[in-house]
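According to Swiss-Prot, the features are:
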- ASP77: active site (ACT_SITE)
- LYS48, GLY49, GLY50, VAL51, GLY52, LYS53, THR54, THR55, GLU248, ASN275: ATP binding site (BINDING)
Amino acid sequence: MSKAGSDVSSISCSLSLDSDSCEDEYYETNLNKLIENTSLNWIFVGGKGGVGKTTTSCSIAIQLAKKRESVLLLSTDPAHNTSDAFNQKFTNKPTLINSFDNLYCMEIDTTFSEDTAFKINKSDFFNSIIPELLQSFPGIDEALCFAELMQSIKNMKYSVIVFDTAPTGHTLRLLAFPDLLKKALGYLINLKEKLKGTLSMLQSLTNNEMEFEGMYDKINHLNTMSISIQENFQNPLKTTFVCVCIPEFLSVYETERLIQELTKKNISCYNIVVNQVVFPLTSPDVNIEKCEKLLKQIKDTNIQNSFNSLILKAKELEDVYISRRKLQSKYLTQIKNLYGNYFHIVCMPQLKTEIRGLDKISNFSEMLLQSKDIPIYST
């Protein structure tokens, strides 16, 4: 953690869209500024698997639907939990979510093979003349499909799109695609310039002028598209990332890793949602020792035995509760120390039931807008 932790201190104030300087910015412990920021077009929600990304992205989309003209919730997670979350079947076509007139959802295949017009086709002249490209740049075929997909998403007429992303590792691969495309297409463009004379001769010999021109057009189109996507990713007025985690070692570690990659790629990130947090009990404190003293004054053995059993169970529950609070506080303290000066950190409580269905997601979404102190345990 130490190396990544030391790198976090280098994150500049520019990560926040709302501040002119670190000193002047107050980082609220809610997502109000994210929801109220009407300039954003793309909001990515990511983190380790099983930390509540889908619940958080659905909740953000619901709140945005109250402020924006049209909202699309787009799942790139292979598990596609959005259908389960809303108890409604979604496909790779935008579908209106029940009870809304401006909130849509779609689930796309993360291989991108069925969701884009781009296909790697061996008979295609563009691909057959440069097979080395696909070997020299592993993942370029998926990156090209991703570029086509993002371009089609960019052309969608929604006010804002919320991306429910796959777990961290897959998300980092997606974030690397624009750089991979830039490198691969730069190689192609240089190759085209170097072989211009040879290709012209080939054109006259093979009578393939139209195919060569088509290849040039395709390279230029992909290059323009790649630059456009990267510019959109790196524009903090249009794109931001919301990190989701829970107060446990692996989740905090992956969050740190994700934030470092986002920082390296100049992608805005100024919100962290910490789910499954155990907050202090709101019920009145019960002094178990005092209860034990009072119990000794009761002469009835049956009542004493019943209360003794109850006190033992209470002690067990208290031990579990305190242990959990202490463990979580260790990681909440790390989160606060690492990111407290640069991020809106929103702690969400551990709930009694799973969050499924519109009513429960709506309630959860309201809680994202309520400020809550980071609950560090102290004896």
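Placement of Cβ uses the backbone N, Cα and C atoms for every residue, glycine included.
Feature map: Swiss-Prot annotations on the structure.
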residue: LYS48; record: ATP binding site; contacts (Cβ under 8 Å, 6+ apart): PRO167, THR168, CYS245, ILE246, LEU250, SER251, GLU254, THR255
residue: GLY50; record: ATP binding site; contacts (Cβ under 8 Å, 6+ apart): none
residue: GLY52; record: ATP binding site; contacts (Cβ under 8 Å, 6+ apart): VAL244, ILE246, VAL273, ASN275, GLN276, MET348, ILE355
residue: THR54; record: ATP binding site; contacts (Cβ under 8 Å, 6+ apart): SER75, ASP77, ASN81, THR82, ALA85, ASP164
residue: GLU248; record: ATP binding site; contacts (Cβ under 8 Å, 6+ apart): GLN328, TYR331
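In this structure, THR54 (ATP binding site) is part of a helix by DSSP. There are 23 other CB atoms within 10 A of the CB of ASP77 (active site), with all protein chains counted. Considering only the residues assigned to ATP binding, LYS48, GLY49, GLY50, VAL51, GLY52, LYS53, THR54, THR55, GLU248, ASN275, the longest pairwise Cα distance works out to 19 Å.
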